[in-house]
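> Quick one: the structure is below, questions incoming.
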Amino acid sequence: MDYFLFIALTFLLTFHVHNAQGSELPTTTTESTETSSSKIYIIHVTGPEGKMLTESEDLESWYHSFLPPTLMSSEEQPRVIYSYKNVLRGFAASLTQEELSAVEKKNGFISAHPQRVLHRQTTHTPKFLGLQQDTGVWKESNFGKGVIIGVLDSGITPGHPSFSDVGIPPPPPKWKGRCDLNVTACNNKLIGARAFNLAAEAMNGKKAEAPIDEDGHGTHTASTAAGAFVNYAEVLGNAKGTAAGMAPHAHLAIYKVCFGEDCPESDILAALDAAVEDGVDVISISLGLSEPPPFFNDSTAIGAFAAMQKGIFVSCAAGNSGPFNSSIVNAAPWILTVGASTIDRRIVATAKLGNGQEFDGESVFQPSSFTPTLLPLAYAGKNGKEESAFCANGSLDDSAFRGKVVLCERGGGIARIAKGEEVKRAGGAAMILMNDETNAFSLSADVHALPATHVSYAAGIEIKAYINSTATPTATILFKGTVIGNSLAPAVASFSSRGPNLPSPGILKPDIIGPGVNILAAWPFPLSNSTDSKLTFNIESGTSMSCPHLSGIAALLKSSHPHWSPAAIKSAIMTSADTINLGNKLIVDETLQPTDLFATGSGHVNPSRANDPGLVYDIQPDDYIPYLCGLGYSETEVGIIAHRKIKCSASIPEGELNYPSFSVELGSSKTFTRTVTNVGEAHSSYDLIVAAPQGVDVKVQPYKLNFSEVNQKETYSVTFSRTGLGNKTQEYAQGFLKWVSTKHTVRSPISVKFI
């Protein structure tokens, strides 16, 4: 009996928009509440004995056979909401507990769970990343021409200039998708747009059939990945320039899965199913849970595995639960897990105190009508109430703050913009928003409701000290506009989730960091205080923003190297990454101290070098099976991920997977092997350079790799041993090894945990 075991996905990542709502990931609701008597369940089943079901009608018939006979003959609204084909063997249905119990007794039933309701997590970057129109990777990849990027998000804004198809040919013949917008809305850029709303409708009765973006997040991420060139882009007069996505000539396929605050799991599963069926090349998922489940119960991991098997590259947000360790999500090794970094552009608003001190902060709203004269300065929390310090709604006394510059603290679960709205309601003239200690020097440029600036925690402490030092503190804000050239960029954003990787400690995560702070991209509607209703853009922050940067860059590599596997593209991105900032120093974090590998992974993406990496660490789909068996998963659990019946006849430790980085739990000595494939010059030679982690001896054999043809493979081994010379109290140490030729540097980070 040959069973095809596909478990339904607990669809991991959705997103929380990173604008005024801050950068923290929200709590995920564990299950939906459609009615008091029924819920939507994801049902996982096997295939029928001795049969291969490939046609949609056959699958639907099989799935319906699991329903109780009374439901089969019922004239009520159909109980089966979705029948899945590509990413799992199963269906979504609205059932009572009694009806579910009947389903569970059927032969072929595997498991079921209530669907989870998830919530969204949330111009200059091409130049910052070295992308130029007349040379380099853009030209070499033909700007991503012919590649299809599927974006699962909140929809799209058709007609926005970022989605113009000027100069873009029709989609390739393999495209099978459709456009559910009006006949003129889709074009050669926006080739597909669909809404998956059946679960949302069942839950709240709302009909939202059109894939129109109603809040901006989906439009922003889609244009970041593959927006067309748009001249004169700006936000309230700031960040002026030419806006463009990472792959400006790539096609976009939009799958709307979020309606209001709800992104139902079964709707997301249907969108993933469709994206694989439609023939996309890249899937971009700016979504995230607060904690990563094991891979066999991780919807993103399972869906991404199915996509990877078909040659589809999957890029996912790392999550916004930083800077805390072990907060990383989307940690499967077949996913590119993307953290967030700053760029070298700031939109500067300086807090100037009455004693002459100045502290640079950021704000998008910089009204020319604001006169920078010194005004009375007051701390919002002077009454000792925490809610006042956070400038919570209704917490400020109008008489105490009218006409003053008000110092508010970040946090309290209150959006940054909402704090400014409270200051404005109380009659305040301006706001200085100070960071909390956790976010330290990580700042966001927001469209505030009044003149404002967002300053660091250190600056806030000094401003508080000044307020306490005088009976008549004063301050103003100096708006300095857009400033390019911050030498500390790229730096890791405070909110960017960190490793270690809980589901698989032997795989270093995140894989890469990319631009995710104060990112300008398309927006559906004008912002408050905007006078231009035609060119609508907004600035957002989050790993939701860094993910589509890497999705677009992957599309460029796919265009340049159409025969590369998803693992080869991922390897090229990782081994070519930058580890120093524009000031030629090590990349720092929100504390301005050199960061560790759990924040950066391999480093910051460098598209030009990724397009010509020299060597790649390739992995074929079947190579993951012994790795998964080595995690201690049962054969059934591995089969859930692999979409077929599995025998764990062989298993390998995590470190033996042919991954472009090393994450080693080291007690006694360990030896791992790696195989690299030459994708550079046919005749080339690579020498070894090792920076061993403190307290670790690293031996590599051989120490020289010689190639005589393209696609030649060479294998090397690495032995890690403790030396006893390190700090006996340290838990982790880090280093790297790299293979260097006359043209290429192929770098792999090394993270060691002492056990």
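Keep in mind that glycine also has a Cβ here, set from the backbone N, Cα and C atoms.
Sharing the record's features from Swiss-Prot:
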| type | residues | note |
| --- | --- | --- |
| SIGNAL | 1-20 | signal peptide |
| ACT_SITE | Asp153 | active site, charge relay system |
| CARBOHYD | Asn182 | N-linked glycosylation site |
| ACT_SITE | His217 | active site, charge relay system |
| CARBOHYD | Asn297 | N-linked glycosylation site |
| CARBOHYD | Asn325 | N-linked glycosylation site |
| DOMAIN | 376-461 | domain 'PA' |
| CARBOHYD | Asn393 | N-linked glycosylation site |
| CARBOHYD | Asn468 | N-linked glycosylation site |
| CARBOHYD | Asn529 | N-linked glycosylation site |
| ACT_SITE | Ser544 | active site, charge relay system |
| CARBOHYD | Asn706 | N-linked glycosylation site |
| CARBOHYD | Asn727 | N-linked glycosylation site |
> Where does Asn468 (N-linked glycosylation site) sit in DSSP terms: helix, strand, or coil?
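In the DSSP reduction, Asn468 (N-linked glycosylation site) maps to helix.
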> Based on Cα distances to Asn393 (N-linked glycosylation site), point out the closest of the recorded positions Asp153, Asn182, His217, Asn325, Asn706.
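Checking each of Asp153, Asn182, His217, Asn325, Asn706 against Asn393 (N-linked glycosylation site), the shortest Cα distance is to His217.
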> Per DSSP, what is the helix/strand/coil residue tally across the domain 'PA' (376-461)?
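Helix, strand and coil residues of the domain 'PA' (376-461) number 23 helix, 18 strand, 45 coil.
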> Given the recorded positions Asn182, Asn297, Asn325, Ser544, Asn706, which one has the fewest other C-beta atoms within 10 angstroms of its C-beta?
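Minimum Cβ neighbour count within 10 Å, taken over the recorded positions Asn182, Asn297, Asn325, Ser544, Asn706, occurs at Asn182.
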> Quick check for you: of the active-site residues Asp153, His217, Ser544, which have their Cα within 10 Å of the Cα of Asn706 (N-linked glycosylation site)?
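If one measures from the Cα of Asn706 (N-linked glycosylation site), no active-site residues come within 10 Å, so the answer is none.
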> Using C-alpha atoms only, work out the spacing between Asn468 (N-linked glycosylation site) and Asn325 (N-linked glycosylation site) and round it to an integer in Å.
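If we compare the Cα positions of Asn468 (N-linked glycosylation site) and Asn325 (N-linked glycosylation site), the gap is 36 Å.
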> Just checking the recorded positions Asp153, Asn182, Asn297, Asn325, Ser544: which sit within 10 A of His217 (active site, charge relay system), CA to CA?
Asp153, Ser544
> What's the CA to CA span in angstrom from Asn182 (N-linked glycosylation site) over to Asp153 (active site, charge relay system)?
20
> By the count of other Cβ atoms within 10 Å, pick out the sparsest of the glycosylation sites Asn393, Asn468.
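Each of the glycosylation sites Asn393, Asn468 was scored; lowest Cβ tally within 10 Å is Asn468.
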> Determine, to the nearest whole angstrom, how far the Cα atom of Asp153 (active site, charge relay system) is from the Cα atom of Ser544 (active site, charge relay system).
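Asp153 (active site, charge relay system) and Ser544 (active site, charge relay system) have their Cα atoms 10 Å apart.
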